[in-house]
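The domain 'Major facilitator superfamily (MFS) profile' annotation in TrEMBL covers 30-485. Among the features that TrEMBL reports, transmembrane segment is placed at 30-48, 106-126, 133-153, 159-183, 195-215, 230-249, 330-347, 368-387, 393-412, 424-449, 461-480. Under the heading region 'Disordered', TrEMBL lists 498-527. For 503-512, the entry in TrEMBL reads compositional bias 'Polar residues'. Under the heading compositional bias 'Basic and acidic residues', TrEMBL lists 513-527.
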Amino acid sequence: MELEKTNLTTNRESPKISVLWSPYSRRLRIAILLALALGIEGLMRSNINMAMICMIKNDSSKSQGIVKNNFSEYGGKCMYDNINSSRNSFKQYEGEFEWSGQQQSIIFTSFYLGGLFSVIPGAYLCTKFGSKYVVFWGAILNVAGTFLTPLTARYLGPYAVVFIRFLMGTGQGILVPCMNVLIADWFPMFEKSMAVAIATTGNQISVITALFFTAELCQFKLLGGWPAAFYVYAIIGTIFCTIWFCYVIDRPELDKKITQMEIDFISDNKKRIINVSQTNTIPWMKIITSGPVLAASLNSFAQNFFNVGLVTYIPLYYKTVLRANLTSNGIMSALPFIVQLVTKITFATTADYLKKNMLMSNTTVTKMFNFIGSVGASLIIFLVTYFDCENRVIAVILIIMSVGISSGYIPGYNTSIVCIAPKYTAVVGSYCRIWAQFASVMAPFTIGLLVKSNNPKDWNYVFYILTTLLFSCGVHFQIYGSSSPMKWAKFETQDEELDEPLQNETTLNESNTIDKGDNESKNLKIR
């Protein structure tokens, strides 16, 4: 066992690891293509969040008179900030549909509901037919849905758009399981965190791009305004499908251009990884009743409710409460996720440093960062309720801070998922993923019901819910969370000497999605 531990350390320090960053590295190409997949498919998922405020009529009775209600609720105090530009600013938002707030929330929710149905069979489909083809056809479904959305909205109505978005969700729901399969086949365990880090940058990039450029495309009258946001991203998606089909290879041994050194490096360092089918009967009752598993699941729910809720509705908040024009809305909506991209890498790197240098125990590091991501973000988002359009700069800064600091979840409960049950990591990861997907479904629907009248006071209730959810789940993790393997979830040959290397891997398992939906199930185990 001591020899096995020594070999693991030697592999981590081997100069062959530098091959990952070589321009000739086939593994690096796979990671970049995964980032491209998450990014471009994320564009087709997130663009409707900003496009929706361009599609809806401001004076619609069903929309409850957004401009009128805001002025009356604030007593007209915000009107004078934009007395000369208010009308021009809100002309940018002029849409053509009289959809109610409830109809809009159902459209937002339908995408994540579709993902809920496909996430469970996704891993099986990718293993059975290959990630290359499954992701390709899922992307084709998204491209077709994105192309059809403007015509469907105009001629068939909101519930036809719901159906289109549901189908798109099923197409994207298989992306994360397929990403896990590709990373399992192409990367040894000690490179997995870096592979996920590279791949999941596509999540933040997609949200940043979709929110900012969609706001600009809505004003681009040459392509008809808001429909351009769908046509442009669908064209980009078509290009991506071609690139993916031509360059992705499911397994290293099928790659005719891979060097012998790289394929030897991959195969030699994957000996410790086994497939889920090699484990014994899954102890579902022990998993479901486990305190650390429940703590991770609850925080997975909280993080995704927070992220999906903000990604979906923050453009509407900036429009109706902070009175931002369309260009400012796009910039302010993207800023939190630019910061999140930076803090994600910073927190994960710091956590690995603390653990590898044994400055803190693994569980202490996990709890500390989860506390920052949950309780820290909850306190900051609560402060937003004290500021309105008269203090819009402070409100925006607080939202940016809350989203940025929520990255503490990454070296927090996400690390716990891959540590507490080494023998059943894929099962625990999938179980937590289901909680995350439910949150992704509930968040847009719940928030949509609360803000359907576009009353600024309604938004305070949204922030109260986010605060309560983040805070309570964060405190629960401080009590029950852990990074130590459970006795019932260790391999028979595993002893305490091997526990430390297992825990030293900080995962960047996210959910999306911001979108979508930043939370992947783990399809690997460590022996």
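In case you wondered, yes, glycine gets a Cβ from its N, Cα and C as well.
Fewer than three CB pairs closer than 8 A are found between the transmembrane segment (424-449) and the transmembrane segment (195-215), and contact between the two stretches is not assigned (pairs 6 or more residues apart). Here the transmembrane segment (106-126) lies next to the transmembrane segment (159-183) in space: the count of CB pairs under 8 Å, restricted to residues six or more apart, reaches at least 3. Counting Cβ pairs under 8 Å that are 6 or more residues apart, the transmembrane segment (330-347) and the transmembrane segment (30-48) reach fewer than 3 and are not in contact. For the transmembrane segment (461-480), the list of distant contacts is 291-292, 294-296, 298-299, 301-302, 305-306, 309, 313, 367, 370-371, 373-375, 377-379, 381-382, 384-385, 406, 412-413, 446-447, 450-451: same-chain residues at least six beyond its ends, Cβ to Cβ under 8 Å. Here the transmembrane segment (159-183) has long-range neighbours at 30-31, 34, 37-38, 41, 44-45, 48, 103, 106-108, 110-119, 121-123, 125-127, 131, 134-135, 137-142, 145-146, 148-149, 152-153, 192, 195-196, 199, 248, 250, 433, 437, 512, 516, 519-524, meaning same-chain residues at least 6 beyond its ends whose C-beta is under 8 angstroms from one of its own.
Below 8 A, the CB atoms of the transmembrane segment (133-153) and the transmembrane segment (30-48) form 3+ pairs separated by six or more positions in the chain.
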